[in-house]
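Some notes on the structure that comes next.
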Amino acid sequence: MVDSQYYLPNDVGISALDCTEAFRLLSPREQLYAHYLSRSAWYGGLAVLLQTSPESASIFVLLQRLFRKQPPAQLGNVATAAGLSPEEYQAFLVYAAGLYANMGNYKSFGDTKFIPNLPKENLKALVWQSQAFQDSPSEMEALWDSCSTLLYSLEDKQKQLGLGDKGITTYFSGNCCLEDAELAQKFLDSKNLSAYNTRLFKKKSEGKSCYEVRLASAVQEGESDYFLFLKRETRCGRYDFEDRVFTVSRGDYDHLMKKVSENLEKAKDHAANENQKRMLEEYSRSFTFGSVEAHKEGSRFWIKDKGPIVESYIGFIESYRDPFGSRGEFEGFVAVVNKAMSERFAKLVSSAEVLLPELPWPKDFEKDRFLLPDFTSLDVLTFAGSGIPAGINIPNYDDIRQSEGFKNVSLGNVLAVAYATQKDKLTFLDEEDKDVYIKWKGPSFEVQVGLHELLGHGSGKLFVQDEKGTFNFEQDNVRNPETGEKITTWYKGNETWDSKFSTISCSYEECRAECVGLYLCLNKHVLSIFGHEGEDAEEVVYVNWLNMVRAGLLGLEFYTSESKSWRQAHMQARFVILRVLLEAGEGLVTLKESTGKDGRPDALITLDRSKIHTVGKGAIERFLCKLQVLKSTADVEGGRALYEGYSAVSDGGSHNFLCLRETVLQRKEARKMFVQANTRVKGDSVELVEYQGSAAGLICSFTERFADDAEEVEAHLLELNKRDAPCWNSKVPSGRSLESV
């Protein structure tokens with residue numbers, strides 16, 4: 001029997017994202033703008049297949065070819081004839097939907113592999129009897145042979161994403177380890193080159209380690225003056241560094257990046273203003289030539305584009321799935337502003353300068369000037385990538401965030417369906433808490449998302465000494481509030497938060513932002529902004545804190561005991577917060593193991609609401625101050641000691657978390673998947689094509705998404721996949737050029 005964590009259950013929740021009314025209210029020009037931005041996002045999102053696992057792209061093409069020839073209902077008849085039971089065919093549909101939703105065969109939330117919940121020989125029989133196989137038997141057989149072994153493999157290393165012997169990654173060639181990642185980061189820092197749009201490939205030549213840093217771009221090399229300028233900007237070339245050879249090259253995902261740029265150029269013709277046009281020009285330059293500097297420039301114009309009707313962002317953004325925490329996964333979203341909900345967030349923004357001083361660190365540790373950002377509630381039309389979050393705070397470039405600003409978005413139609421909860425599926429709470437939780441989960445999470453994004457990710461100063469030796473803080477006067485001593489560590493030159501804190505940076509920052517949300521939701525003014533007063537306000541506070549401690553327990557699902565590693569940044573952060581609040585004592589949080597009505601191991605977590613404002617607030621205040629001070633001062637050693645200490649999962653102490661992990665795994669609920677609409681140009685107008693909220697609906701949305709150029713796109717994906725296939729072995733033959741492998 002396969003462990004249930006490695007397949008998706010047949011009854012997994014699948015919901016359609018409703019954006020009908022939001023799209024209808026757009027002008028024809030705005031609809032065309034949204035359409036071409038969406039096309040750009042969807043093409044770029046295919047790069048995630050190549051960023052996830054060696055087999056993801058081939059599985060994607062296999063599924064596309066099956067369902068393009070026969071939609072799910074029609075293929076179901078073939079399945080019956082091939083001997084599959086209805087449950088087995090549903091399991092196959094759920095697997096296909098999962099691969100599309102996650103853009104690969106590893107869960108975007110948790111990084112665990114999932115496989116089809118039906119025998120391999122049954123799936124093969126279905127493929128062999130399909131119309132796609134009848135039309136092209138040799139091609140389909142070759143496609144099956146290229147991916148079927150890894151499609152089902154659950155060898156230890158292949159169970160999760162990770163670097164070296166800890167898991168699978170395609171951000172690094174298979175012979176790379178943590179030391180290679182650290183060396184590459186030092187090289188990148190020395191050249192002032194961002195890792196966001198790169199992958200790293202290693203080979204041996206004449207006994208010396210040689211590395212290729214490959215930039216994502218539509219083009220490779222050229223001889224024009226412009227290419228020579230870009231060569232300097234992207235540092236393309238060969239370098240000797242610490243007795244190794246580094247080569248910086250272009251051309252990763254080249255076919256896909258070309259599609260991205262072409263559609264951005266089309267969107268530019270329908271832009272609403274000059275900021276949008278300049279933004280798209282710079283994005284296009286970034287994806288064409290591999291320049292992160294161009295993407296940063298585009299992000300500056302994006303920040304200046306205040307209050308657009310159609311909001312979007314695109315690029316190599318979040319670094320959660322890079323095992324080293326520096327390389328960005330491609331994502332692109334297009335959404336329409338929800339004006340009514342956005343008014344509340346605008347009020348929160350206008351109160352930010354009053355609320356920031358309430359945070360528990362000295363004013364020297366806060367930004368010199370808070371740049372009032374856009375904060376809007378959006379209804380998502382398109383979100384291409386491995387998953388859809390509830391809120392976003394971007395861009396992620398430290399230098400822009402610190403001195404030029406950022407934007408916050410809350411994804412309203414995602415929140416509306418993602419966090420709806422059924423009482424019989426609510427685990428680890430008593431019956432009374434379940435009723436309160438169901439009633440107030442939505443409103444409380446809305447408050448938490450707002451505070452987390454705006455004042456969590458938007459707060460705090462990094463102490464920096466730039467390349468000229470200038471400090472952005474007063475060395476002689478600023479004191480560490482934890483020690484009373486002068487500041488002795490800071491960020492130097494091209495160092496960033498991600499490059500310094502690397503493997504813990506994502507989760508640590510999510511933890512800091514979550515703590516800000518917990519801390520500031522106790523503020524009555526904040527609650528009134530969201531329309532909560534009196535007893536209702538206290539219910540929002542209670543459920544927000546209750547949800548956090550429950551999430552900390554649920555987070556154990558995302559811990560791998562064999563490698564002692566966490567697979568999901570947010571859930572690790574919530575577990576850390578649970579540990580902090582348990583440590584606070586005085587009965588604030590109680591966690592007990594028990595036996596459920598079904599006779600299986602269970603657990604109960606309770607929160608004393610009378611102690612939230614005293615014991616709870618004090619614990620979060622102290623912990624949050626430590627997090628910020630360590631982050632501000634670039635104290636990696638202290639930060640790691642603190643964060644990894646609270647992240648430890650053991651069977652000792654007052655709680656047996658390893659045992660509780662087994663209980664959580666037995667009672668876990670699969671994460672919901674979303675079905676997104678497509679847009680289609682018809683004459684001078686744009687048509688919105690929607691699908692049912694089911695596995696079949698999700699599948700149809702993807703087969704129709706690339707209907708116009710399906711064969712071209714699939715051929716490009718297979719070509720890109722084949723180009724790098726030998727790189728994923730743990731050893732790359734000496735002397736072969738990386739271009740050839």
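Positions of Cβ are set from backbone N, Cα and C atoms, glycine also.
Listed in TrEMBL:
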| type | residues | note |
| --- | --- | --- |
| ACT_SITE | Glu453 | active site |
| BINDING | His452, His457, Glu510 | Zn(2+) binding site |
Other same-chain residues whose Cβ falls within 8 Å of the Cβ centroid of His452, His457, Glu510, the recorded Zn(2+) site, in sequence order: Asn393, Glu453, Gly456, Glu509, Arg512, Ala513, Glu514, Val516, Gly517
Rounded to the nearest Å - Cα separation of Glu453 (active site) and Glu510 (Zn(2+) binding site): 10
Listed recorded positions (Glu453, Glu510), ranked by Cβ neighbours within 10 Å, top entry: Glu453
List of residues, in chain order, with Cβ under 8 A from that of His457 (Zn(2+) binding site) and at least 6 apart: Asn393, Phe406, Asn408, Glu509, Ala513
Same chain, 6+ residues apart, C-beta under 8 Å of the C-beta of His452 (Zn(2+) binding site), given in sequence order: Gly391, Ala513, Glu514, Val516, Gly517
